[in-house]
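A quick write-up on the structure given underneath.
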Amino acid sequence: MVKKFIVGILCSLGFSFLLLLLFLSFSVYQLMRPNFAEIKPNTVLELKLEHNLQERPLSRGFPFQKTSTASLRDFIDILQSARQDPNIKGLLVHMEKASFTGIAQIQELRNSIRAFRKAGKYAIVYNDTFGELSSGMGAYYFASVFDEIWMQPLGLLNITGLAVIQPFGRKLLDHLGISPEIETREEYKTAYDFAREPGLTPANQQATQEMLNSFLKQMVTGIAQERDLSETAVLDAINQAPIFNLESAVQDGLIDKVSYKDGVYHHLEQKLGKDINLIAFHQYPLKQQTSSSSDAKIAVIFANGMILREAQKSNFLFSGASMDTEEITESLNQAIKDPTIKAIVFRIDCPGGSPLASDKLWYALKKVREAKKTLIVSMGDVAASGGYWIATPANKIVANPGTMTGSIGVILGKIASEKFWENIGVQWDTVQTSPNATIWSMIHPYTLEEKKWITGMIDHIYQTFIQKVCQGRHLLPEHVQQIAKGRVWTGEQALQWGLVDVLGDLNTAIELAKTEAGLSDWEKKTVQILYLPKPTSLFHQLSLMLGGELALSQVFSQILNDSWGGMLKQIQLNISDPNKHLLSTSAITVEH
């Protein structure tokens, strides 16, 4: 009797588990089934641009976010294909919830939309407001590239210019008895000034102001060109903003129409005909490589996030806070060994990190050059400090005008808290075997001997950095010493100093790679673009799960979220300055 009862329970559990597997398989099938639309004549792509666009492409074919594309590259690739499609007549973008990771990303999006319009397509954007209780400068800069800008009647044009607001807590730390013991090379390496200084230093003030001026100049020029206005008129509007009288904004040429959203659809019908076919942007099927394609390939390898010795893991929805240098090195080695890969475009979006990890990646990229493969670096929003270190082996460097790069310098140190603990009645006693055993302690301040060691180490790293820049960029040491000092430059400024070769986006870098690799005219037209590391699919996540690297509950919860609309929100990145990072809680922080 007991035996039958146990067998019954086991059978029930087995049946329940089977049902769970069937449900899991069906959910995976629903997720992986391509959700592309039939492209009929007179089609308009409709995109609800929400949240940030990621740098690295993700697998297409299931709904990451039904109102947006999965990545910046998806956006560009879809528009590039759509502009050659005679059935595609236009693009409608809703940007009420749009946000951008940086000015460089906006510039790449603008380039893509401009090319779409030059192909004879129509592009219109709708926004309820450009900033409500916040700046709408970046959003308006993006919108200005469209044929028409439509706004809700009560919206605001918050095109109020640019500002960086920085807190400084040195007085508070002194009051608490906490001592920041931080060395920098040199005065423009202001990453931890919030802890070291009572306010803006002259160097910090100068570099930040000149960077903002460069950004504003780029935005004003771009807006004026696309809106057929003088730069003076655009500057006047910025100085008078926020603008709440939208009818006057129409008269001044800043926007085109004030209306509620349904007016946009009526306008499209009047312009393109009532037979227009609206399809979601992500449902547009990209053309696949055909048999007439060349065997030649260009590998595009993405390096996104902080450079650390051990990468912080991420799931298949979102890129992590640091890059996986082992995965990137494997992709580089794969590209070196593949004879059909004629060039590598190395896409960097990185604010810096560990000198040791950066040097490892630098060596992997140096081997690309030694293998006689063309190496072109493309810079995204940020390629500064360690992000610039790893760019130096390239044949050529391409940066957006709004890229933040340079920051050739080093910062090293710790926070000493001994007095803080004494103030609250806590005593730390130490037993040690050697003079420098407490050098990394977050309790003790540096001794005189330890300070000498820290100074020697930071000078060694700094000079190594400068030597690699001189070697890779063929610049004199005196010149590099002048433009280094930890200073961040915009891409536009960096071009003037010889830190980059060309201003442009990822497509510019790909075209440059074709030329530098010596491809024939036919190969340039038919070359295949291979993205590495390959976009992660859900099946890969399942294989990791079966290998014990992911918990069943994690993947199952992701499937439930995807199937029934519970997507995780993307984390908006801080783009103000690659030098503005919080202090690490580890005993030593090294940035370069």
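One-based numbering along the chain as shown.
Just so you know, glycine gets a Cβ as well, placed from its N, Cα and C.
The shown structure was predicted, so the numbers you read here are calculated from the model rather than taken from an experiment.
Feature annotations, courtesy of TrEMBL:
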| type | residues | note |
| --- | --- | --- |
| ACT_SITE | LYS189 | active site, proton donor/acceptor |
| ACT_SITE | SER385 | active site, nucleophile |
| DOMAIN | 135-271 | domain 'Peptidase S49' |
| DOMAIN | 369-519 | domain 'Peptidase S49' |
Rounded distance in angstrom between the Cα atoms of SER385 (active site, nucleophile) and the residue listed as 'active site, proton donor/acceptor': 10
Residue among the active-site residues LYS189, SER385 whose Cβ has the most other Cβ atoms within 10 Å: SER385
Residue counts (helix, strand, coil, in that order) that DSSP gives for the domain 'Peptidase S49' (135-271): 71 helix, 15 strand, 51 coil
Three-state secondary structure, which DSSP defines for SER385 (active site, nucleophile): coil
